[in-house]
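The structure appears right after this line, and notes come after that.
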Amino acid sequence: MITLLFDGLAYGMLLFILSCGLAVTLGLMNFINLAHGAFAMAGGYATVILTNRLGMPFLLTLPVAFVIAAAVGWVLERTLYIRMYEKSPLDQVLFSIGLVFMAVSGVDYLMGSQQQILHLPDFLRGRVEVFGVGIGIYRTFLIVVCGVLALALQLAVTRTRFGSRLRAAVDDRRVARGVGIPVKTVFAVTFAVGSGLAGLGGALGAEILGLDPSFPLKFMVYFLIVVSVGGTSSMAGPLYASILLGVADVLGKYYVPELGGFVIYAVLVVVLVVRPQGLFARAS
Amino acid sequence: MTTVLETRNLRKDFGALKATQDVSFRLEAGARHALIGPNGAGKTTFINLLTGVLKPTSGEIFLNGDDITSVRRDRRVARGLVRTFQINQLFGKLNVAESIGLVISERRGHGRDWWRFAGKLPGIADEIAQLATDFGLDSVLDQPCAGLPYGKQRLLEIALAIAAKPKVLLMDEPAAGVPEADRHEVLDRISALPSDVSILLIEHDMDLVFNFASRISVLVGGALFAEGTTAEIANDPRVREVYLGGGDE
Amino acid sequence: MAKTDMTPNGAKVVKIMRRPVRWSLAEIAFWLLAVASVFLLPGQHLILTEIAGLAILALSLDLILGYAGVVSLGQAAMYGVGAYAAGLYAIHVTGEPLSGLLVGAAAGAVIAFATSFLLLRGADLTRLMVTLGVAAVLFEVANKAAWLTGGADGLQGIWIDPILGLFDFDLEGHTGYVYSLTVLFVLFVIARLVVNSPFGYSLKAVRDNPLRASAVGVPVNARLVAVYTLSGAYAGIAGALFTQTQQFISLDVLSFQKSADGLMVLTIGGPGYLYGGMIGALAYKLIQDALSGFTPQYWQFWVGLLLVIFVLVGRDRPRQFVIDVMARLRGGKGGAQ
């Protein structure tokens, strides 16, 4: 039981790193980016290629995965996404579906459709017994890394100048622009960091989530659940939502395997029914 | 005289802001009643409460003696309580004839008819034409609402409400934004409304208020500040002070 | 219809209200071409059947998106449930196809009605999420209920009787195409009636301005529930038709891909004038066919690219083009009278 909770926690933390970028994009730009998972996939493949083919140490590939996904995010934001902010949600959805299709087929073409196997370094493998409870080393590693990142994000948002500008822009874009905040730059940096984090999440999760070209589609609903359950007004909301989701998913798959992913979607629908208004309180 | 619309201790809070404070108000049958007040006095909020766009924090609303506080918006319309909007609220892609027609068909209880074409409802074409002629819209019948000149849009805004055959009509600044040249057309239409329709007019234009209304209520800071005949209000020094701004005419 | 005591303006109103109801030359030509395809393109009937099915799915979306302004990323929920319902009906009850369509319609309508209440509050963003979530739930249910649906292996052993006991489904898809085209036409004619009925006008009022619609007496929520349910029935029929013509169901019928297909097809053709789904389905399949001709596995990449370009350029443009052409044809006809 405790092992399961631990696994769920690790899974949840990972989901948080994967989807926090989406929460900010949605809160800041009111943009449903269904292609968010594509950035995660980019990071995942970067790590797999670097470790498996070029023999780079796994830990070293993580920042590279972040940088690559962030760079792709930056370029796409500046060239394409920026043209979409003023369009309708329907346009935004179609646009990001288009991107997902391109990402899925593109990766399929370049890497093949098979599941990628990531070779973790030996020191991250296996499990240890703590007070009779089996604890996976890699799971522990995930919780520590993602926990530190979550803390760093929270501090960055609440304590730094950029963070206060970001919060101002989330609250009211027009007012923020009025008081001289370079909203466009804030958008671009935020988008890039969000994509980078997704990429890092994809890299970290390649081993436990599985990585193949359909990754963006498979996890799209998960990301959206985190965002819709957690809300977009703080970092804490998506974090709690991620952990809840991770634990519920792991426990659900273990105790009632016949239901499978159903638990997750049920969580979504229940939240939607109970708090239909509160979901996107910031969406006007 | 009978009261057609009444509020008892109607209150609406938006957080700490008291937008409507214990307003007890009566509108008599056939009234030409104006509601005035400085900007931000809560006039539009009051209309939104009456028509069900907003839920009151407390208090009740009665229409012809029935408590309608929790009655749905569209049911209030069916009971004869209809409004116009300060900012035009039209059906952008529909043309003038279709817009008026849908209000009429809804009023007649045909809104759920899916098995026949709207234009085939008996007599509907003549009724649309009559209303359009009354409001000077007969030359633009086939034009989409979104493309109409502003003055025509303003007339259509009122025509849509009239098409619902109101017993009580709430008009939120009907002449707002209408250029001077078109103003008389809007005003003529309002004056020509049947006398059995009870009208509550929200307006900034004092000329219009004094020409049109026989009774005036003054709303200040969300609360009823004064009420009386046109002459009483015009000569009330307190009203002159808070609203009319002292001596200037 | 013409009354002798009608005022001149009344006559003018009758003419205006009749305009969307009259069959224009372009419309007649469209359906004549569709009929001609039965005889002139016998080798293409399999793909044409797919196009007709896709067109019905898009038509079902058009009813809610084009006429009531409801965006959805989950039309596959009703499509898939209709498909499974028709498949199970064929296996366990009877292979009679027409009643199978009705079963599909009923299944789609029930799902739509049950979930419509989730759509009543909230803006576009929330609606997109909710519909996506509902479809995801149903996908997972079908996946796990393998004893009923066949799960990931698909539902097999579906046998469909000849239509009206006369026309057997053949391998070249001739019967399937004529059947699909007929169903499409019937559904189109009903939709055409509905959107020009008093009910249809109240939907358009809700689409254009829900606040004002309620202020002139339209019960907005009731109308949204009604049209969403109708749309569900249409999607259910599209699914049932898929089952009957393919005689096999995989989980794909409930997938996000299916919802996205419907939405793409409708937006390519343009929502709000009923032909968008058909034109979009034709364009989409032709593009897909052409692309998979030179890059069989990766055609989706190019579809994605086209979609991105299409949205960036402005998706009104193709629709505006069609509307302009139709207006010109209609104008030409008016001038000839």
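Cβ from N, Cα, C; glycine included.
Values in this document were obtained by computation on a predicted structure and should not be read as measured data.
Within the listed segments C:128-150, C:220-242, TrEMBL records transmembrane segment for the stretch C:220-242.
The listed stretches are C:21-41, C:220-242, C:263-284; of these, C:220-242 has the most Cβ pairs under 8 Å to the transmembrane segment (C:77-95). Of the Cβ pairs linking the transmembrane segment (C:176-195) with the transmembrane segment (C:263-284) and spaced 6 or more residues apart, 3 or more are under 8 Å, so the two regions touch. Beyond the transmembrane segment (C:296-313), the same-chain residues lying 6 or more positions past its ends with a Cβ under 8 Å from any Cβ of the stretch are 264, 267-268, 284, 287-288. With respect to Cβ pairs under 8 Å, the transmembrane segment (C:220-242) is most closely packed against C:101-120, considering the stretches C:21-41, C:101-120, C:263-284. Among the listed stretches C:21-41, C:101-120, C:263-284, the one sharing the most Cβ pairs under 8 Å with the transmembrane segment (C:47-70) is C:263-284. Beyond its flanks by at least six residues, the transmembrane segment (C:263-284) meets 27, 30, 51-52, 54-59, 61-62, 65-67, 72-73, 75, 184, 188, 191-192, 195, 303, 307, 310, 315-316, 318-320, 322-323 of its own chain at Cβ-Cβ distances under 8 Å.
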